[in-house]
Each structure stands twice: as C-alpha cells, then as structure tokens.
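A.B. asks: Just passing along the structure, written as structure tokens.
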Amino acid sequence: MFTLSITLVRHGETQYNKEKLLQGQGVDTPLSETGVQQAEAVGKYLRDIAFNYVFSSNLQRAIHTAEIIRRNNTHCSGTEMVLDPLLRERGFGVAEGHPKEHLKNMANAAGQSCRDYTPPGGETLDQFLKALFQQLSDEHGRAGAPEAANGTAAAASERAPGGSAEDGLQEASVHALVVSHGAYIRVAIKHLLEDLKSSLPAGAKMSQVFSPCPNTGISRFVFTLSPSESGPVLSAARCCFTNRKEHLGNLTAAEKCGGKEMG
C-alpha cells in the first residue's frame, strides 16, 4: 500500500483570460505580465515541497507556469517535466476566441447547460483524469514506494495544520505536481469527489470546493492505493483543499483577477 498526493495548479493569466475570451486547445496564448507574477507567487508558495513528478499540459501557458514553479522549487528544479496532452484544456471548438457568453448561447440553443455542452469541433474530458491517475499509479507500482523526499513529510508535521503549503503531504510518500487549465481542473475535481468518492476537509463549504479556479489556484488530493494483480487499486481518497489562492495576497487586486474557467 502506498500514498500519492496530487497538487493541481492552474496556469497564470493570459491576455485572453484578461479579456474573458475562451482559449481551449486551439488558441495557445502565452502568459501575460500578470500571469508571470502569479506563477512566481505560486512557485514561491510551493518552493519547499519535494515533488517526485512534474506534469504539465503541453500548451505554452501551462508549460511556462510549470517551469517557473520548478525553477523556484528547492528540491525539484532538476526533475524532468512531462508534457502530457491529456492535461490540455477542454476543447471549445468553434467557440474558441469568443466570449464565454457565446458558448452559453450555443449551449442554450442546444438545450444543454454550459458545463455539459460540447461545441462542434470540441472535446469532452471524461477520461482525462482517469488516464493520468492510471499513468502515475502504473509507474509507481513498478518502481516501488520511495521515502518521502528531503524530509517533506516531517517538515509538514511540524507546521500548523491549516493554511500551509504542505497540508496533507505528511500522509503521502509520492508527490506529483500537475499544471493544467481552469475547465480541466473543474471537471477533475468533480470526478475526484463524485466518482472516486474523495472525502472533504472538515467544515468545507461546497460553494468553495466547486468554485471557479483562479489563475494559479491550487487544489490537492491524497490517494491511498493497494497493489493487485491487475494494478493498483484505490482504497481511499481525500481532498485536502481546492482553489487556494493565499499566495496571491501580495499582488494588486488587478493582478489577482484572472479568467474564470476560460482556459
């Protein structure tokens, strides 16, 4: 049996986020100046966490954010970053490059909610997180469980339980950083809570758990897996927190604002 933590981070702001335009997969925009500052802030917040794995969407806004986080990290600056197309943003098809209201109007015309609607030329995310989770589990199952890297777990146990960048890490021996996109993270959190039955933190408010992820917002889940002949089996899952943004506290109000679930 082994434990795995996954720390999900949304990329920093882009100009499309600022203008509230849908990016999806077809519009591959770079970070704005504010987005770079947000990425530096989240990198400094997570700098003492010894990530064993670093995964990123292969879109440049996510890659740049992951690179900044890795550069700021005191343990994993040399860790290989895996660019995984499974972490790419939801495809918005013909709606990409348009305001979110355009997508809402298309969904209404089709008699569906905006959350469930897939525009012509778009994609769904049903299997993305499952595939990523299986990938991590398969690799770890073959390699065997390493010790917590560089004392991360011990350091976490000495800190206050609430509001720390290390919350939940003391329970895990393997730590993965995953940098992705707003809509992807929303669907991932929904899948982890509703399908994988992750337990919630005490006193958690559902409005916060399912709130839109801000640029460089952080979410963390811890999984306990048991070996079997067919591969690791999930025996427990816990949500540590979702959409955390305390690291943005020193930025101006304008810098904190980011596109909500628009890529």
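Glycine is no exception: its Cβ is also placed from the backbone N, Cα and C atoms.
According to TrEMBL, the protein carries these features:
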type     : residues                                          : note
ACT_SITE : H11                                               : active site, tele-phosphohistidine intermediate
ACT_SITE : E89                                               : active site, proton donor/acceptor
BINDING  : R10, H11, G12, E13, T14, Q15, Y16, N17, R61, K100 : substrate binding site
COMPBIAS : 143-160                                           : compositional bias 'Low complexity'
REGION   : 140-167                                           : region 'Disordered'
A.B. asks: Would you mind checking how many other C-beta atoms are within 10 angstroms of the C-beta on R10 (substrate binding site)?
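C.D. replies: Cβ-Cβ neighbours of R10 (substrate binding site) within 10 Å number 33.
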A.B. asks: Could you round the CA separation between the residue listed as 'active site, tele-phosphohistidine intermediate' and R61 (substrate binding site) to a whole angstrom and send it over?
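C.D. replies: So the Cα of R61 (substrate binding site) lies 6 Å away from that of the residue listed as 'active site, tele-phosphohistidine intermediate'.
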A.B. asks: Where's the emptiest Cβ shell within 10 Å among the binding-site residues G12, T14?
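C.D. replies: Fewest other Cβ atoms within 10 Å, among the binding-site residues G12, T14, is found for T14.
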